[in-house]
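Worksheet: one structure, shown below.
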Amino acid sequence: MTDKPGIVITGASGRMGQMLIRTVLDSDKARLVGVVERAGHDWVGQDIGAAMGGAAIGVTVTDDALEAFSKAQAVIDFTAPEATLEFAALAAQARAVHVIGTTGMSEAQIARLEPAARHAVIVRAGNMSLGVNLLVQLTKKVAAALDEDFDIEVIEAHHHHKVDAPSGTALMLGEAAAEGRGVTLADVSDSGRDGITGARKRGDIGFSAIRGGDIVGEHDVLFAAAGERIVLRHMATDRAIFARGALKAALWGQGKDPGQYDMMDVLGL
Ligand SMILES: NC(=O)C1=CN([C@@H]2O[C@H](COP(=O)(O)OP(=O)(O)OC[C@H]3O[C@@H](n4cnc5c(N)ncnc54)[C@H](O)[C@@H]3O)[C@@H](O)[C@H]2O)C=CC1
Ligand SMILES: O=C(O)C1=N[C@H](C(=O)O)C[C@H](O)C1
């Protein structure tokens, strides 16, 4: 027997799924006890080590999430919004910590996590890296120090497979800028400019999204005024930063009271 928390990774074949599996296997603080993929995927029924092109490791990919979660102390989930909602209910049933990296969830979908959070710990963040979470704090500070003479724009770039925009990180940065300024993001958000949009409205927080190639994730927060500009920037070059943060969250959540938390709680920022 070991007291290292057992971890299940969902979305096993995904870009983040594979990175998370490697991160847990390399860790001396956690054990990989299960991996989940969607029903019908080629990898279901295969050993995950072999499916990822290496040696077998004795963990079989399953599409039975509840069965996998019932053996785990934590589930790390970077998949898609509706899958994440289903996993939240099952992780709560298994009383496993649910670490959610999935982005693109609507406000209505986020609200649907609440019943699960009454029974289990949920840690959710649009970006699990230390660097971005620090950038969020810096953004809040700079926005609080400047007035609306400074136009705030969040510019993000990601690989061409990404399906949601603005990115989860861009939204975190926009929220932080709005909070620093003492406004509600929904009231000032301006995304998806196209055509004759009219001049920029004073006080708006703008979003622009670039999609191309294999860009892991880049975020700028631009504060632009007459005669000067400040740019706060984070550049991710390796998905390992997200996986390390997610594993840290899974370990941090052990023994915590049920509820919803984020990476600020985990990192103590
Ligand atoms: N919070 C963070 O730090 C980060 C968040 N992300 C987010 O993570 C999510 C996944 O990103 P990628 O790995 O690049 O995408 P991906 O498309 O490579 O992987 C998604 C995986 O989820 C699986 N999946 C979908 N529905 C499923 C279901 N019902 N059951 C089991 N598996 C299911 C897919 O088959 C696929 O393997 C996105 O929302 C992305 O924005 C990505 C990187 C960092
Ligand atoms: O889809 C991605 O790849 C990423 N998604 C997250 C986001 O939406 O911000 C985090 C990171 O930028 C990579």
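Including glycine, each Cβ sits where the backbone N, Cα and C put it.
Keep in mind that TrEMBL annotations are predicted by a computer and have not been checked by a curator.
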Residue among Glu37, Glu148, Glu153 sharing the NAD(+) site, where TrEMBL lists Gly11, Ala12, Ser13, Gly14, Arg15, Met16, Gly101, Thr102, Thr103, Ala125, Gly126, Asn127, Met128 as binders: Glu37
Thr102 (NAD(+) binding site): nearby recorded positions from Arg38, His158, His159, Lys162, Gly168, Thr169, Cα cut-off 10 Å: Gly168
Binding-site residues: Gly11, Gly168 - member with fewest neighbouring CB atoms within 10 Å: Gly168
Listed recorded positions adjacent to ligand 1, that is, members of Arg15, His158, Thr169 whose C-beta is under 6 A away: Arg15
Residues satisfying Cβ distance under 8 Å from Ala125 (NAD(+) binding site), sequence separation of at least 6: Ile100, Gly101, Asn133, Gly168, Met172, Gly245, Ala249, Asp262, Met263
For the domain 'Dihydrodipicolinate reductase C-terminal' (131-267), residues assigned helix / strand / coil by DSSP: 51 helix, 39 strand, 47 coil
